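Colleague: The following block contains the structure, expressed as structure tokens.
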Amino acid sequence: METQAEQQELETLPTTKMAQTNPTPGSLGPWKITIYDQENFQGKRMEFTSSCPNVSERSFDNVRSLKVESGAWIGYEHTSFCGQQFILERGEYPRWDAWSGSNAYHIERLMSFRPICSANHKESKMTIFEKENFIGRQWEISDDYPSLQAMGWFNNEVGSMKIQSGAWVCYQYPGYRGYQYILECDHHGGDYKHWREWGSHAQTSQIQSIRRIQQ
């Protein structure tokens, strides 16, 4: 049972003017995530059903564990949805390495997060292109690929991508490891014409594994 104070906090969760960051009428939803300021689901806790651009505004100095109860979310290293991205699908994350362990980088900060409104695992489709601006060889994808090269893609880089439906997470290395880039059909109109549009942390066009995001 939630206390009256907790219920009031849930009613005053921060919102954002960005249409892509919060659930919209008719979207799949609902979304629900619970964050904790200590590892192993200890300490202060707070539930969210919409995006949070800065956990420090909710009196959290960091998120050290969390539970995703419904929907899919993106966690960010910094405030305002910037820095490293972490895919957060339904389940429990007792420590930072549960959401960034396969990242291959030691990042213990998670300061903002938002729901992924376009995730649709069964009907996801995207096209990857050899070069920027949708030029060169292309390949349509509608399944999970732990190794693009093993499945026929000719190198370890992708120049640009079009997301026709759903939401995807692309990884720097095979086996879903390395930097994570979450690409959605309702961001940029689904068009990512250059690797710099994959996220504020993007430093390379290297992509070697791709999978659909579970809703």
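Heads up, the Cβ atoms here are built off N, Cα and C, so glycines get one too.
Here Swiss-Prot flags 166-214 as domain 'Beta/gamma crystallin 'Greek key' 4', drawing on sequence analysis. Under the heading N-acetylmethionine, Swiss-Prot lists Met1, citing experimental evidence as support. Swiss-Prot lists Cys82, Cys117, Cys185 with the feature S-methylcysteine. As annotated by Swiss-Prot, region 'N-terminal arm' applies to 1-30. Sequence annotations record features per position, and here Swiss-Prot assigns region 'Disordered' to 1-29. According to Swiss-Prot, the region 'Connecting peptide' annotation covers 118-123.
Each of these features: where is it, how hidden is it, and who are its neighbours?
Modeller: Across the domain 'Beta/gamma crystallin 'Greek key' 4' (166-214), DSSP helix (H, G, I), strand (E, B) and coil residues number 7 helix, 22 strand, 20 coil.
A strand conformation is recorded for Cys82 (S-methylcysteine) in the three-state DSSP classification. The Cβ of Cys82 (S-methylcysteine) lies under 8 Å from the Cβ of Tyr76, Ser112, Ser200, His201, each of these being in the same chain and 6 or more residues away along the sequence.
With a 10 A radius on its CB, Cys117 (S-methylcysteine) counts 25 other CB atoms from all the protein chains.
In the predicted model, the region 'N-terminal arm' (1-30) shows an average pLDDT of 41.
Outside the region 'Connecting peptide' (118-123) by six or more residues, the chain places 28, 71-72, 165-167, 184-186, 212-215 with a CB less than 8 A from a CB of the stretch.
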Colleague: Counting across all protein chains shown, how many other Cβ atoms sit within 10 Å of the Cβ of Cys185 (S-methylcysteine)?
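Modeller: Taking all protein chains shown, Cys185 (S-methylcysteine) has 22 Cβ neighbours within 10 Å.
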Colleague: When DSSP states are grouped into helix, strand and coil, how many residues of the region 'Connecting peptide' (118-123) land in each?
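Modeller: DSSP composition of the region 'Connecting peptide' (118-123): 3 helix, 0 strand, 3 coil.
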Colleague: Roughly how many Å separate the Cα of Cys185 (S-methylcysteine) from that of Cys117 (S-methylcysteine), to the nearest whole number?
Modeller: 10
